[in-house]
Amino acid sequence: MTDASIAASRILQLRAELDEHNYRYHVLDEPSVPDAEYDRLFHELKALETLYPALVTADSPTQRVGSLALSAFGEIKHEVPMLSLGNAFEETDLLDFERRVREGLDLPAGDLFGGAAVVEYSCEPKLDGLAVSLLYRDGLLVRGATRGDGSTGEDISVNVRTIRNVPLKLQGEGWPVVLEVRGEVFMSKSGFAALNARQLEQGGKTFANPRNAAAGSLRQLDSKITASRPLEFCCYGIGQVQGELPSTHIGILEALKQWGMPISRELKLANGADECLAYYRDIGERRESLVYEIDGVVFKVNSLAYQRELGFRAREPRWAIAHKFPALEELTELLDVEFQVGRTGAVTPVARLKPVKVAGVTVSNATLHNMDEVVRLGVMIGDTVTIRRAGDVIPQVVQVVLERRPVDARPVQIPESCPVCGSHVERTQLVKRSKGKETFSEGSVYRCVGRLTCAAQLKQAIIHFVSRRAMDIEGLGDKTIEQLVDEGLITSPADLYRLKFEQIINLEGFAEVSCNKLLQAIADSKQPSLARFIYALGIPDVGEETAKVLARVLASLERVQQALPEVLTYLPDIGLEVAHEIHSFFADSHNRQVIAALLSRDECGLQLQEQGELSAEFSASVTLAAMLDKLNIPSVGPGGAQKLADKFANLEAILAADWLDMRQTLPEKQAKAVREFFDNVANAERARAIEAQLQAFGMHWHSEKKVIAGLPLAGQTWVLTGSLEMMSRDVAKEKLENLGAKVAGSVSAKTSCVVAGPGAGSKLAKASELGLRVMDEAQFLDALADFGL
Ligand code: IVH
């Protein structure tokens, strides 16, 4: 075969593949390969066509933009075509663009003494969504259309009206009688995450990225679905116009803004290519922290007169260019799936990938979350997959390219035994508790049942136990912990306190000084606050906040350990599910043994810093009515529970009453339900146990009427801002919380007090504006001292 015939057949192959990708992207909103892959195929085709111009045909994907409209929507012909943009990938591409602009405008290049006229550019982020045209007649939104193939789009008038920041009517005055506004419809990163979470929960389809989510949401035949999706609009240009507009691009965008149109906050003016490059770098650095996804920035010659002079080439303006960022999605091969065991024993699939560079970082592993996700993706080992790396999130497998599945692809199977310790792997059950009944369903998580006998779980448990916000033992890194576990020197957190100099000195990277330092750090951790200790235990679902609540409210480990699930639900923000996790953690005999060893004076000798006295907050929330309500008696709500409590005043009286007695205060159906509930011995016993526990904790039902003074700062909200010199923010926060205050991140009229250290900025300004109480660190320390802290 000749080179030309090889090229001809490759060209046909590329066109067929690009047509298919185009159709899936523009019509179905379901692209099967990432944009970067599309770009590569497109460039290969373009290069071949440049080499063999005779092979270019009018139907080649290089000769058109976009794709046909989906026939279900009406068609709209664009009066002014909706064009595409040329791309710059390297800085040199941008300098070439600037050179073409200057040549096109016949501007001298300048000499050693300067003197060259500078071209002004508007700089905007290139939002990753889909282009939309909005037509305003006499200031009223009359039509919305997609870009389609650039000359004909789809009529999505009904759908665009559901986008919250699209004005249905222009504000102010001076707008042209006919004004076609163009811009991007997109979804913010958080909107996308929330939508996917909701879709997962409701068993709906999830989206691979915010762009697909925006496209799929906008092109819905049922506009109610569009309305329920977090879509946003950002305007970047105009189409047909009848009337006057400013003579620069930025001038026009600013006028549009005055008329109520959302434009980018990042819009900037640059003088010449150098300032454009500086803009590119600045936005590039902030790319991850922007609330929406962008795939580059767009530079446009600012003067409309210049734009007219430069004109168009094929379907791209000569006066604008997109300078792209590295793609967030790439294709690679799934070499294998391995299973990792986490702190709570969850066995999770991890994708081992053929290394691929995604936005400048080489990725060779990606998360697959859980087995439900593996099923949802339909992924097999050997598949070609799309990998996405957005911000600091762990890279994810988002899609399988089914067309590229090899014949020998293998299914992903969950192992029957733990890959680390060999214990059995169980599928977790989801328990739903409602109206005194428990129903079970299969969860998506698989767990190794080995607990601390599993080296993987033990290592993670120890890493968590010693971490800064837990027991805060410095000098004990992950590597050291791995060695300690692998060499059998520790089998539980308690063993940390039994470590000897001779054992540590033999570990890698330790010498006499570091060894003594570590032993000292371990010894120094022996008096943790109760909250730190509870957090350090690593109870599933108990994070720092929950640990603080348990410590603050119950005030002793003894109570936390004994508390029945229902009793735990009296605590703020603790629901029944978490309550059951806490209860079963402390019911486990191995956990009890470890805790006992940690606290035993002869063994580890930890001394918890406990408040000891049950908090006023707890006493205030415990009432007989609340307790009856928590029993979840069928058909009895909080109102019924209150009536029973008012009439009978204590549990035994209710247990002894017959339904006719209850009838005096409750409707017949409820009265019978209560009687029937307590006729079940298990229910009656449970109620008695809860009451007994509450009484053992020092509660009495007569407290129902007592008004209890809370902690000194109960009900107050404090804000910490600027830097504190005498203590860390974490410590200051902990102290305030111990006094009952909430510590918030922002200042509002409800803020009780602002502690402002050096460097305080907008929060302090806002506080003074609102006339709030403000103190510096010295005054704060005095205030703490007044409370004995
Ligand atoms: S201007 C004639 N400005 O990128 C100029 N486009 O690759 C036409 N896009 O179809 C477009 N942000 O969907 C322009 N600030 C921006 C943009 C932008 C995103 C999209 C738009 C367009 C595509 C071109």
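Placement of Cβ uses the backbone N, Cα and C atoms for every residue, glycine included.
Pulled from TrEMBL, these are the features on record:
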type     : residues                                                                                : note
BINDING  : Asp35, Ala36, Glu37, Tyr38, Asp39, Ser84, Leu85, Glu124, Arg147, Glu184, Lys300, Lys324 : NAD(+) binding site
ACT_SITE : Lys126                                                                                  : active site, N6-AMP-lysine intermediate
BINDING  : Cys418, Cys421, Cys454                                                                  : Zn(2+) binding site
DOMAIN   : 708-789                                                                                 : domain 'BRCT'
Which listed residue (Cys418, Cys454) has most other Cβ within 10 Å, given these are binding-site residues: Cys418
Entries of Asp39, Leu85, Lys126, Lys300 (recorded positions) sitting next to ligand 1, with Cβ under 6 Å as the cut-off: Leu85, Lys126
Whole-number Å value for how far Lys126 (active site, N6-AMP-lysine intermediate) lies from Arg147 (NAD(+) binding site) (Cα to Cα): 16
Long-range Cβ environment of Asp35 (NAD(+) binding site), under 8 Å and at least 6 residues apart: Asp295, Ala327, Glu329
Candidate with the highest Cβ count within 10 Å, taken from the recorded positions Lys126, Arg147, Lys300: Arg147
C-alpha spacing of Cys421 (Zn(2+) binding site) relative to Lys300 (NAD(+) binding site), in angstrom: 61
Minimum Cα separation from Cys418 (Zn(2+) binding site), reported as the residue among recorded positions Glu37, Asp39, Leu85, Lys126 that achieves it: Glu37
Nonlocal neighbours by CB distance (under 8 Å) for Cys421 (Zn(2+) binding site), same chain, sequence gap 6 or more: Val341, Cys448, Gly450, Thr453, Cys454, Ala455, Ala456
Cα-Cα distance linking the residue listed as 'active site, N6-AMP-lysine intermediate' and Leu85 (NAD(+) binding site), given in Å to the nearest integer: 11
Cys418 (Zn(2+) binding site) - helix vs strand vs coil (DSSP): coil
For the domain 'BRCT' (708-789), residues assigned helix / strand / coil by DSSP: 29 helix, 15 strand, 38 coil
Lys126 (active site, N6-AMP-lysine intermediate) - helix vs strand vs coil (DSSP): strand
